[in-house]
Every structure is written in C-alpha cells, then in structure tokens.
Amino acid sequence: MPLVRTGELVSAAAEQRDGRGGVAAFNVITLEHPEAIAAGAERAGRPAILQISENAVKFHGGRPAAVAAATAAVARASAAPLSLHLDHVESAELLRAADGEGFSSVMFDASKLTYEANVAATAEAVAWGHARGIWIEAELGRVGGKDGEPPLGAHAPGVRTDPAEAVAYVSATGVDALAVAVGSSHAMTNRTAALDHELIGALRRAVAVPLVLHGSSGVPDDEIRRAVAAGMVKINVGTALNTAFTAAVRAHLEADPKTVDPRKYLAPAREAMTGTVAAFLKVIGG
Ligand SMILES: [Zn+2]
C-alpha cells in the first residue's frame, strides 16, 4: 500500500480509548531491517513506523537518499500501513534533507542543549517542518544511552522530564509529539528498565500532544503495556532488533564457520528480527 503518514498513525493510536493506543517505531540500519519490520507488521496485522536515525545515515556515508528510498520502497510493497520517520536529528542540514526523501516526520533532538537553546532550535525546526507538512517530535529531558554518550544514572538530576516544564516546552515550540525521559535508556541489551509510571501519568495529564517512549528495547513487556495504558503513544524500538539480528548471525557462523554467502546468515537474521517485531507489536497493540 502507499506510504502512510506518521502523524496519522500516531493520532489514530492516541485516539483509541481502551488503553491499547500504542504505535511502534522500529529503527532501520540495513535493508534486512525494513524487510523484517514490514513482514512483522503484516504477521501481527498492525501498522508500524520505519525510522532511520542520524547515526544510521552516518553509517550510510552521511547520505540519506539511498537508505530512505529503499526503506520507502519496502513500505510501499507491504500490505501493512507503514510510515517513514527520521530519528534523532541534531544536524540542521540533515533536517532539511528530510524534505523530498519520503519522510513524513522527524524527531529533532536538541536535548543536549540548555532548555532555552532547545526551545529556540526546536521552534525553528517545527516552523520549517510545518511549512512542508512534516510532523515534528522533540525531546525534553535526557533519555541517554546512545552510542558515544556516557550512561546517565537513572536518578541523576535533570534526567527525568518535568511535567510543568513539558507544558511550557510544547507551548513554546509547537511540537507534534514529545519524547520524555521516564526511566528508559537507549541501547539496553537486557530488559530490566523500570519506568516511572507516576511521572508518565502526570505528563499525560499535563501535556496535550502524544508522548514518545525511547529506549523501549530495555523495558519488559508488562512495563510497556502499563506505559501504553497510562498514555505513552509512540514506542521506539531499536536495539532489540539488532540483538536478534546479531544472535542469528553469530549462531550461524559458529555452526558453519566456512560460510561465505551472506544470504546464508542474513536470512535467519531477518527472520529473527521479524519475530521480534511481531512480538513487540502484539505487546504494544494489546
Ligand atoms: Zn531514541
């Protein structure tokens, strides 16, 4: 089917009132990722967001066009409703490259800046995006744990998103969705994160726009269900796919070290990611 728009998927999820209003966003690195995400979404009978991060664009030589075109082509060939999202963009140049590459949404990440500088940079990104029909997500607080960043202590000051500051931030920037720091962290390879459900509820009551959970790979299924029931709408999953991918590659190469054809290990890697995607979609979709 044609590409759908991220804003439509998130709004549709947010409007469900049975506590099952989540939509998952999965990170794309190689071509096997969108193929697995599309297959997993078809298997689960759910929509999904395909997201390409600034770090993934850097991996592809700093040029987003090829990976975006391939991901969009996989989405268009799928029976599942899928959208294309550009994730964790810090570069103004890359933000502008989003226009015309099939992205209907961008997560603009100024969370490393001071509050005032974050507001100014994000408001500018929102004005740019809205002039082009592009939906903009931003982050307040620090989720932490991305490659090259020092880990943040779960209770370090300034890490969690403050509800009153979130209200002011959404109003000052005009963002369409807000990524909040509520206890998850990026790049976790075990599922042991404990979320601050009281804070999620307080943010949900305070902020009108949909909330986004980053670092969901490290969050146990029950915690994700509770977070969605409490009002988290966009649930981002990256590392869990790579854990499945790499485990399948490692198992194949350990069993058959003479393998030279990459299809021999990429096929089970893709199938492992498909299973992971379908499992997450069942948790998030109720
Ligand atoms: Zn993230």
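Glycine is no exception: its Cβ is also placed from the backbone N, Cα and C atoms.
The annotation in TrEMBL ties H186, H214 to Zn(2+) 1, and of the candidates under consideration, H88, H130, H197, H252, the one tied to the same site is H88.
H214 are the binding-site residues among D109, E139, H214 whose C-beta comes within less than 6 Å of an atom of ligand 1, given in sequence order. Across the structure, H186 (Zn(2+) 1 binding site) and D87 (active site, proton donor) place their CA atoms 13 angstrom apart.
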